[in-house]
Every structure is written in C-alpha cells, then in structure tokens.
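What follows is a short report on a single structure.
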Amino acid sequence: MSKFQVVEHPLIQHKLSILRRKEASTKEFRELVDEIGMLMAYEVSRDLPLEDVEIETPVQKTTVKQIAGKKLAIVPILRAGIGMVDGILKLIPAARVGHIGMYRDEETLKPVEYLVKLPADIADRQIFLVDPMLATGGSAILAVDSLKKRNAKAENIKFVCLVAAPEGVKALQEAHPDIEIYTAALDEKLNEHGYIVPGLGDAGDRLFGTK
C-alpha cells in the first residue's frame, strides 16, 4: 500500500468544494472542517486491527469483532489543526489529545515550535497528526521530528490533512519516508508566498475569524 493517499470519498469531496469557497462564513468553515475531519478519520482508520471478543446479547453469547487494544492519540498542529479534533473524537471518543504548537515566520516561511504537550505513553499509541494544510511541509516535518524524539514509532504515525501541495508532500516524504500521509485533495502548487493554489486560504484565520 502506498504511503500517500488522496481520499476521494464523494462526501469528503463535496464538503471540501464548499469549504474552499471564499464566501463561506467562519461558522460554516468551522463546521465543515469538523465534518471532513470525521469523514477522513473513518477512511484513515480502515486498517486498525480487529480482535475477537465474546459478549452476551439479550438472546445468547456470541463472538464479535472490536478494535484491538492499540490506543490512539490525536495530535493537532496548532492552531488550525485544532479544528479537526472534535470530528475525529466523535468517531473515536476514547482517543487522547496532544498538542504541537507552531507558527510560521512570514519572512522565512519556516515553522517555529513553541509548544509540545503529548500523552505520557505516546510511544505506545497510534497517532493521527492533523493539520488542515500541507503547504511547504515545514510544520509537518518539525512535528514528526518532535514525535519521534519522544519515541513515537514511525509506523504508528499518520499525517492527515484536507489540502496538500505537491511541494509539501515531496518534502514530508523525503524527510520522513516511513510515515503515512492522507489528504482530501492534492492541489496544483505553492505560490510565491508559500500558500497552496487554489487552496482554501489561511485555514487558521478562517476557522477562528481572525486576520
């Protein structure tokens, strides 16, 4: 299986088309990021291992399938990544939530890390690292660096975004060829300011109504 996947589910593509529109309000944008995050989680979790468990229904005892004991952590890259968390938690409410805080230096376009707060047992968890955008790839690379420094296993890390630029995908794959990348759309390119084209604008500003 390829370590890069564009999730082409019709509901995801439909909601993404509405999310991209410049006239979408902050409320609409926030709700759509939440919904797409939930749908992406459904697709990304397809390969979670199952185990047989014996239960008792009102009629009789039986053997059923349930997700095996592996624990999950959702780790948003702040601030925009926080918009995807609630949608995923609706599907996987027992997941722990960590945070990696970064901002982009507007002159160098390089990410600056200011916060890392993770579950103590992050090394034993499956990790959904989430950020709506994969632009230059700098923030994602630094975030994966931070996870690996804290003994997270590469095979347990899945980077999940809504829109990606080819440049960002290439950079992340070159820096961390051992993690999986999922996106709802692979866009055309980055512009001279480091923004994805056609993209959806600044996801953080659109989520929180800031400039």
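Don't overthink the numbers, they just go from 1 along the chain as shown.
Yeah, the Cβs are placed from backbone N, Cα and C, and that goes for glycine too.
Swiss-Prot lists Arg79, Arg104, Asp131, Pro132, Met133, Leu134, Ala135, Thr136, Gly137, Gly138, Ser139, Asp202 with the feature 5-phospho-alpha-D-ribose 1-diphosphate binding site, giving sequence analysis as the kind of evidence. The uracil binding site feature in Swiss-Prot is assigned to Ile196, Gly201, Asp202, Ala203; the stated evidence is sequence analysis.
This view paints the features noted in Swiss-Prot onto the structure.
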{"residue": "Arg79", "record": "5-phospho-alpha-D-ribose 1-diphosphate binding site", "DSSP class": "coil"}
{"residue": "Asp131", "record": "5-phospho-alpha-D-ribose 1-diphosphate binding site", "DSSP class": "coil"}
{"residue": "Gly137", "record": "5-phospho-alpha-D-ribose 1-diphosphate binding site", "DSSP class": "coil"}
{"residue": "Ile196", "record": "uracil binding site", "DSSP class": "strand"}
{"residue": "Gly201", "record": "uracil binding site", "DSSP class": "coil"}
Original post:
Which of these binding-site residues has the least crowded Cβ, counting other Cβ atoms within 10 Å: Asp131, Asp202?
Top reply: Asp202
Original post:
Does anything in the same chain, at least 6 positions from Arg79 (5-phospho-alpha-D-ribose 1-diphosphate binding site), have a Cβ under 8 Å from its Cβ, and if so what?
Top reply: Gly101, Gly204, Leu207, Phe208
Subject >> In the chain carrying Gly201 (uracil binding site), residues 6 or more apart in sequence that have Cβ under 8 angstroms from it >> reply: Lys22, Tyr195
**OP:** Quick one: of the binding-site residues Ile196, Asp202, Ala203, which has its CA closest to the CA of Ala135 (5-phospho-alpha-D-ribose 1-diphosphate binding site)?
**Re:** Ile196
**OP:** Please list residues from the chain of Ser139 (5-phospho-alpha-D-ribose 1-diphosphate binding site) whose Cβ is under 8 angstroms from its Cβ, counting only those at least six apart in sequence.
**Re:** Ile77, Met102, Arg104, Pro111, Asp131
Original post:
What is the separation, in Å, between the Cα atoms of Ala203 (uracil binding site) and Met133 (5-phospho-alpha-D-ribose 1-diphosphate binding site)?
Top reply: 7
**OP:** Please report how many Å separate the Cα atom of Met133 (5-phospho-alpha-D-ribose 1-diphosphate binding site) from that of Ile196 (uracil binding site), as a whole number.
**Re:** 8
Subject >> Cβ neighbour count (within 10 Å, all chains shown) around Ala135 (5-phospho-alpha-D-ribose 1-diphosphate binding site) >> reply: 26
